[in-house]
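*Asks:* As annotated in Swiss-Prot:
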BINDING   Cys54, Cys55, Cys119, Cys149  [4Fe-4S] cluster binding site
Amino acid sequence: MMTGLNTAGADRDLATAELNRELQDKGFLLTTTEDIINWARNGSLHWMTFGLACCAVEMMQTSMPRYDLERFGTAPRASPRQSDLMIVAGTLTNKMAPALRKVYDQMPEPRYVISMGSCANGGGYYHYSYSVVRGCDRIVPVDIYVPGCPPTAEALLYGILQLQRRIRRTGTLVR
């Protein structure tokens, strides 16, 4: 029988596991509020597009019936205030950088960013141009990089699955 939950570290985990086993037989589930919030956050990513060039076409294709991104619990949103994931796809210019930062700042916490394509990752083909930002990670913090020029819809889908896996594993990402 369990003695109490006032123990620390590994002893507390063992006590919690023992209590969970006892309650499972009676139809109860023991978990933490943080685990429930992370489970809900992982299964309901609301993303907004920041399509700047040809990668945006592949990003749109991911929402079509062949790939159907919504079956993974993600849904597109038009407003940054309703989304927690921003997908930056395409060439980011110096004139567009302040707009990207402004949209990012309007998103509620926790917020995630996927950089899609060579241009968003590091400037791509236009890397040496005077008007191109050499990677959107210079403007906003990026969680997942999707390589390619342009990356396929499968690559973006894999990037979103990796982000969900990362959220599930670590909870809220620490920056």
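Glycine is treated like the rest: Cβ placed from N, Cα and C.
Give me the structural setting of these features: burial, nearby parts and distances.
*Replies:* Taking the Cβ of Cys54 ([4Fe-4S] cluster binding site) as centre and 10 Å as the limit, one finds 15 other Cβ atoms among all the protein chains shown.
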*Asks:* Neighbourhood of the [4Fe-4S] cluster site (Cys54, Cys55, Cys119, Cys149): other residues with Cβ within 8 Å of the Cβ centroid, in order?
*Replies:* Ala53, Ala89, Gly90, Thr91, Met116, Gly117, Ser118, Ala120, Gly124, Tyr125, Gly148, Pro150, Pro151
*Asks:* Residues with Cβ closer than 8 Å to the Cβ of Cys149 ([4Fe-4S] cluster binding site), same chain and 6+ apart in sequence?
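*Replies:* Result: Gly117, Ser118, Cys119, Gly124, Tyr125.
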